[in-house]
Amino acid sequence: MEKEDLKVLNKGEEEEMELQGYRLCRWRLALVGVGVLCTGGFLLLLLYWMPEWCVKSTCTRTTARDADVVLMRSTLTISVNISSSFCQIRYFTFHSTKYYWNDEVQNFEVLKKLFFGVNEIAVKVPSVFKLLIKEVLNPFYIFQLFSVILWSADEYYYYAAAIVIMSVISIATSLYTIKKQYIMLHDMVAAHSIVRVSVCRASNEIEEILSTDLVPGDVMVIPSNGTIMPCDAVLVSGTCIVNESMLTGESVPVTKTNLPNPLPGERDEDNDSAYNTEEHKRHTLFCGTHVIQTRFYTGELVKAVVVRTGFSTAKGQLVRSILYPKPTDFKLYRDAYLFLLCLVAVAGIGFVYSIVLSIMNKTIIIESLDIITITVPPALPAAMTAGIVYAQRRLKRIGIFCISPQRINICGQINLVCFDKTGTLTEDGLDLWGVQRVENGSFHLSEENAYKENLVKSQFVACMATCHSLTKIEGQLSGDPLDLKMFEATGWILEEATEEETSLHNRIMPTVVRPPKQLLPPEPVASPEQDMSAYEIGIVRQFPFSSALQRMSVVARRLGEKRMDAYTKGAPEVVASLCKKETVPENFAEVLEGYTKQGFRVIALGHRRLESKLTWHKVQNINRDHIEANMEFLGLIIMQNKLKAETPGVLQDLHRAHIRTVMVTGDNMLTAISVARDCGMIPPQDTVIIADALPPHNGQAAKITWRYADKPSKTPLNISLEDVCPIDEHKTQEMYHFAMNGKSFAVIEEHFPDMLQKLVLHGTVFARMAPDQKTQLIEALQGVDYFVGMCGDGANDCGALKRAHGGISLSELEASVASPFTSRTPNISCVPSLIREGRAALITSFCVFKFMALYSIIQYISVTLLYSILSNLGDFQFLFIDIAIILLIVFTMSLNPAWKELVSRRPPSGLISGPLLFSVLTQILICLGFQTITFLWVRQQSWYTVWKPFTDVCNRSSHINMSDLNDTEVDDHNIQNFENTSLFYVSCFQYLIVAIVFSKGKPFRQPSYKNWPFVVSALILYFFLLFIMFHPVEDIDEFLEIVCVPYEWRIKLFIIILVNAAVSVVVETFILDIILWKLVFSRDKQGSFGITPAAPTPQGAIDLGAFKCLTRLCCPRKLAPKARYMHLAQELSVDPDWPPKPTTTTEAKPRPENGSTYQFIINS
């Protein structure tokens, strides 16, 4: 039954989940109710925190069909939903999506064809009360409440009040931030949630309705003055100019044309395909995008058919991804909970010990419970948050804004960064470098521009002037930057028909282009009117640029001509394949390769004279495949995309820090490789291996052919790994990089899944990648345990920015609202800054956590030792320690700024790591040792006696009035004694010692002496403690409940404190930092695993030599690396077939039970 009733929702999709059905059980509910009453509501809290336990304790298993409650489990989360019935239809709502029971498939699924619901992206802003309840029920705040009640019962009001104030401020800040984000998202969505729209009904009636009533299938009329789209709709008549910055990040207006609609006699059944949002996105108006203007003809309205509504739209999917982000699973937070459990276990031992010791004491319950609040510090959440808040503030100062503060710590672990190319590594705009025309099947010499009299009437210039999607908005030319540069290079003029003209004429050409008069050769003309219109071209039909087809086309007609012309521009390889072979020069491939290797972006042009039978009406409905065939090759346009000035330097900094860099772009492969070489991502001497993958075809298996990017026939490279040195020896990495395009990536992902992991280990260039493939690449890199950063300009990078551990958008448009970080500086210099701040925040978190752990353990040791003589620390001693020392130190020690440069080693990712555990445990033992020595030694002193109010070991009897002694309150809790005073002094100094020892600077943070608030705080506390120790002040002693001790004992205490400080510093600084950390980091160096290492510094060579023997002593057996990419690097270093040679083809084989899914075949 377990297996049969386990359903899988959204199989193969991003939100794939397992689903189990449960039915409510009355007797279990009653039993849980009794348990809640018996535990005073604690069981209810536990079930709230653990939803799976809640379901299993109140329900019984049943089939998914009959379930009242469904339990859904993904890889990261567990969710509980209540299923409902409506008209015999069972459904539940999860993440704003309704899932209905489908009897045919015997599973729940999104049945959009049955019910569409209201067309609204409803972002409900929760009430403050709801948010407050959710925040307050956090386990930490519940523990704080328990602590406050306990302290109040023990009359420890001051610290209880301090914790309450801190918690209230923390909760209020959190509520304000969450509420503000909800309101921002609600306002962003509400702008187009409810508008009035016109809909075509039967018999062509136009009805005005609210946009919330739209359903798929409705025919919507797009108003001529523009609108913000309330749904996803596909254009069926007319043309729209749309601003899609909300979704793509590009503020460039896009032209949307109507879906092709061939006449019945001309319909090509073979080429017909069902509507697909991705394939037909140039005909689709997306929800939330702004329609700037429309174009229409007499008697025709611009119409669009509604295809998706509500959360199913592109905008709805974006809002859902923001509302329900994937939880970030970071080792630090998991380890923090484990560490707290260890502290709870320690507290449990102390709890039992205190009960055994004081079984007859009437305050036993409170004092025993008090030891739990000592061991698990309630101020820990606030202390941990402080470092992140300070880092967020520093990032804001350098122009990096963060909407997910918890990600700052994760950024400290980033060891690989993916970069988009255009607009990120290179400048946004393209400059025209030159043109190279083709005549009679051969290339002319390259020319600087086409602005020449002798070219004005050539087909090459006509193609440049017409084949674009430019439009005039408020008198300004607007459109794709490439189109804009190309058109401006011709010097021609573009004119669009006005609304008045389109209403007067039925077949007016919407757009006309003509050269300036000065370029036209002087010709005898009859009248000036004829001269004005002597040479102009009208654009009859546009076939917009398609990323799948990698081209765009137009049909145009010169004034006075009967026949029309078709012009095409696009990727050179694609355009050449559409042209007659005799018109394509023989050296086309060599010329193209020459340009792409230099990093130029190359566009090819083609032309075809259309048949006279093609009329205006036929052209409007013809399929583009009929037009884009048998063309003449016109030549190449060469565009230059310059690197941003900051790019090479930043990439060099990242390489020095052993952080891998990867390029993920939608551009041409060879152009991308060239840019990667220019910016230093691929060093000049390194080899680039291109993987060309082909899907299964005609019964043949999928295969990958390997080739070198740099003419391997002339420079054959034979990379052999047969004579490699043993793994534990320091060996030089083989200098090779893989490059592939999006199509190959898709084939490899599907047919060579285990090969993909090996390729991403050295994959540096991924070209022609679709937006979803960028996301898949991020997932593949994360799958081999890389911590991945992604930097893009917001255009088509949204998915990857969200999925990466640290996504940085260089665009401030609304599309980047889902990116954790947004940089105001439009270049990649923000990347090392973010990583440095992340490392500083991470180290700060470790420092604070270690300090808070030591603080609780030091106090626990003091209290436990004092419990043995039925004593304790006084309320004001606790208050002085908790507020004057701990809170002051913890909030100032977090202020260290980040180190000024990136270093080659990374901080550990979790608390459960060798050096950190060694650090904490050694400091605990040191503090335990010195407190125990103090406690035992004070009792061995010759002057020692059990302290009474009249005890005078300081010879102060002449100053004491006997009447004052009679008025002294009886010390019920036995606070005032020599042991208490001695331990109070020593423990106070121990807090300051561990604070200074743990507050590390270089290599991740600035040194502590530059953190002046921390230095000033520590000095004031040191001065104050030394002052009250050597120069007792009666009022202070009375307030802190400390007693006078002989001067010689104070000297001994001072010696104990000095020795304690010296031992702590030696152990932490010399043994830990110089020995253990270097051993750990020598294993964690990135340079040895999958990337080209930076040249070792002389100091690095000395370190390596000095610690090689020590490494062998401490780690005689080679420890297996933890990260998956390190395992793969070790495996590949001894694989004789890796990297693949250019003479091999890799074929996919049926997956065996054990073994590889591919084999290498040597081509003869």
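Placed from the backbone N, Cα and C atoms, the Cβ positions cover glycine too.
Automated prediction, rather than curation, is the source of TrEMBL annotations.
Worth saying up front: this structure is predicted, and the values here are computed from it rather than measured.
For 13-74, the entry in TrEMBL reads domain 'P5B-type ATPase N-terminal'. In the predicted model, residues of the domain 'P5B-type ATPase N-terminal' (13-74) average a pLDDT of 81.
Here TrEMBL flags 197-322 as domain 'P-type ATPase A'.
Annotation source TrEMBL lists region 'Disordered' at 1136-1156.
Residues 57-58, 137, 139, 142 of the same chain lie 6 or more positions beyond the ends of the transmembrane segment (29-50) yet place their CB under 8 Å from a CB of it. Positions annotated as transmembrane segment by TrEMBL: 29-50 (among others).
Annotated transmembrane segment per TrEMBL: 70-92 (among others), in sequence order.
Per TrEMBL, the feature transmembrane segment maps to 157-178 (among others).
Panel annotation: around the transmembrane segment (336-359), residues 367-369, 371-372, 374-376, 380, 384, 849, 853, 856-857, 860, 863-864, 867-868, 870, 911-912 of the same chain, lying at least six beyond its termini, place a Cβ under 8 Å from a Cβ of the stretch. What TrEMBL records for 336-359 (among others) is transmembrane segment.
According to TrEMBL, the transmembrane segment annotation covers 371-391 (among others).
The transmembrane segment annotation in TrEMBL covers 842-870 (among others).
What TrEMBL records for 876-895 (among others) is transmembrane segment. Long-range contacts of the transmembrane segment (876-895) within its own chain (CB-CB distance under 8 A, at least 6 residues past either end) are made by residues 156, 158-159, 162, 377, 379, 383, 386-387, 390, 844, 847-848, 851-852, 855, 859, 975, 980, 984, 987-988, 991-992, 995, 998-999, 1008, 1011, 1013-1014, 1017-1018, 1021, 1039-1042.
Taking Cβ pairs closer than 8 Å, the transmembrane segment (916-938) reaches residues 846, 850, 853-854, 857-858, 861-862, 865, 908, 944, 978-979, 982-983, 986-987, 990, 994, 997-998, 1049, 1052-1053, 1056, 1059-1060, 1063-1064, 1067-1068, 1071-1072, 1076 in its own chain, all 6 or more past its ends. What TrEMBL records for 916-938 (among others) is transmembrane segment.
Residues or ranges marked as transmembrane segment in TrEMBL: 982-999 (among others).
Look at TrEMBL and you will find 1011-1033 (among others) tagged as transmembrane segment. Non-local neighbours of the transmembrane segment (1011-1033) in the same chain are 884-885, 888-889, 892-893, 895-897, 954, 985, 988-989, 992, 995-996, 999, 1040, 1042, 1044, 1050, 1053-1054; each lies 6+ residues outside the stretch with a CB under 8 Å from one of its CB atoms.
Residues annotated as transmembrane segment in TrEMBL: 1053-1076 (among others). Packing against the transmembrane segment (1053-1076) from elsewhere in the chain are residues 914-915, 918-919, 922-923, 926-927, 930, 933-934, 937, 982, 985-986, 989-990, 993-994, 997-998, 1000, 1029-1030, 1045, 1107, 1110: each is 6 or more residues past its ends and has a CB under 8 Å from a CB in it.
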Find the member of 157-178, 371-391, 982-999 that has more C-beta pairs under 8 Å to the transmembrane segment (842-870) than any other listed stretch.
371-391
Intrachain neighbours beyond the transmembrane segment (371-391), with Cβ under 8 angstroms and 6 or more residues off its ends:
140, 143-144, 146-148, 150-151, 163, 166-167, 170, 336, 340, 343-344, 346-347, 350-351, 354, 405-406, 408-409, 837-838, 840-841, 844-845, 847-849, 852, 855-857, 859-860, 863-864, 882, 886-887, 890-891, 894-895, 898
Tally of residues which DSSP labels helix, strand or coil - the domain 'P5B-type ATPase N-terminal' (13-74):
29 helix, 17 strand, 16 coil
